Amino acid sequence: MANEFLFTSESVSEGHPDKVADQISDGVLDAILAEDPKARVACETLVSTGLVVISGEITTSAHPNYREIAQDVVRRIGYDNSDIGFDYKSCAVLAAINRQSSDIAQGVNEGEGLDLDQGAGDQGLMFGYATNETPSLMPLPIYYAHRIMQRQAEVRKDGRLPWLRPDAKSQLTVKYVDGKPVAIDTVVVSTQHNPEVSHAQISEAVIEEIIKPVLPKELMQGEVRYLINPTGRFVIGGPHGDCGLTGRKIIVDTYGGAAHHGGGAFSGKDPSKVDRSAAYAGRYVAKNVVAAGLADKCEVQVAYAIGVAKPVSLMVNTFGTGKIADDKIVDLIRAHFDLRPKAIIQTLDLLRPIYSRTAAYGHFGRDEPEFTWEQTDKASALRAAAGL
């Protein structure tokens with residue numbers, strides 16, 4: 001008897017208040033890395049009505065203009081008029097920045113602390129995941145939830161749907177049979193809009209101009225339920241409608257709930273923070289395992305102690321889809337991937353101003369050149385070593 005279930009993932013637009021905060025934090029990080037690649041950055045942002053607050057611990061020789069960075073991000077997203085509740089020209093920007101703790105720094109700096117290699121910036125556990133249910137080796141629900149949000153921004157910015165505003169959310173429910181996605185069951189889109197447009201206009205335009213062009217037709221052969229702005233009205237939105245904070249969309253940023261999450265957010269953190277760099281490395285490892293054909297699905301957990309370079313643990317789960325035993329895959333990972341922080345940074349070339357692009361529409365499953373952790377350059381070596 002077939003095993004059937006529904007699985008749901010959500011995404012949010014670049015204009016969602018939490019994503020505005022993420023993009024400002026990563027905008028600060030990129031501005032600093034462009035001048036000082038060895039900087040230590042932990043940048044948190046809060047956005048509310050007419051206000052941006054930037055805080056955190058930053059040690060750098062660079063001199064970022066926090067106000068200019070924040071305003072540029074807000075402008076690029078599309079908050080350019082006080083009529084929509086947030087305007088880059090008039091929002092206040094407050095910055096309260098401290099230096100990184102010297103106690104932490106000595107454990108991370110190479111040649112200092114008890115471990116003379118570059119240690120992990122904190123303790124913690126991180127997960128990477130890949131599945132062969134999409135060409136990008138991402139779970140299908142989160143992959144297409146992101147594509148819906150990217151399409152919303154595209155038709156908003158190019159003028160096809162000029163009544164759209166920046167804040168939006170999507171949610172995709174997919175039917176699975178025996179672990180494979182077979183049909184889209186429900187699509188939810190809530191999008192901010194001008195007050196003049198009717199709900200009927202919004203529904204028709206969102207379905208025809210945003211949803212249908214991006215979802216795979218072969219998964220929409222049955223009856224799909226569309227829920228468009230189900231409250232009936234979404235005029236007040238963005239930072240005016242909800243306070244936004246860095247790091248509050250960690251499931252949107254990763255696998256949409258299809259895999260575990262260690263709890264650490266990404267945006268605003270330089271790659272000495274394993275919350276970010278080791279999660280990217282975990283995706284790199286898992287994607288190469290699946291690309292090599294060693295498993296249909298692969299989840300990798302890696303854990304660190306602060307100030308210690310080598311991971312304290314490494315675990316693999318292929319959910320019964322492995323072509324070889326999971327412990328053998330662990331052995332292959334240890335042989336082919338160096339998961340010490342310095343090695344991750346070097347392998348994935350992470351000391352570059354590449355992070356603003358990651359701060360909306362997911363950190364994984366993207367084919368832009370900045371996303372080095374999406375490479376499958378180890379797949380052939382893994383397959384050969386596995387004897388497949």
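Even glycines carry a Cβ here, placed using N, Cα and C.
Source: prediction; values computed, not measured.
The ATP binding site annotation in Swiss-Prot covers H16, D167, A168, K169, R233, F234, D242, R248, K249, A265, K269. Per Swiss-Prot, the feature Mg(2+) binding site maps to D18; the stated evidence is sequence analysis. What Swiss-Prot lists as K(+) binding site is E44, and the listing cites sequence analysis. Positions annotated as L-methionine binding site by Swiss-Prot: E57, Q100, D242, K273. If you look up Swiss-Prot, you'll see 100-110 marked as region 'Flexible loop', on the strength of sequence analysis.
Between the alpha carbons (Cα) of E44 (K(+) binding site) and D18 (Mg(2+) binding site) lies a span of roughly 11 Å. Annotation note: the residue listed as 'Mg(2+) binding site' sits in a helical segment as assigned by DSSP.
The candidate set comprises the binding-site residues H16, R233, K249, K273. Of these, H16 has the most other Cβ atoms within 10 Å. Cα of Q100 (L-methionine binding site) to Cα of A168 (ATP binding site): a span of 35 Å. With every protein chain in view, the residue among the binding-site residues D18, D242 whose Cβ has the most Cβ partners within 10 Å turns out to be D18. Just so you know, the Cβ of A168 (ATP binding site) picks up 28 other Cβ atoms within 10 Å once every protein chain is counted. Annotation for K269 (ATP binding site): spatial neighbours L29, V41, A42, C43, D275, R276, criterion Cβ-Cβ under 8 Å with sequence separation of six or more.
Over the region 'Flexible loop' (100-110), the average per-residue pLDDT in this prediction is 66.
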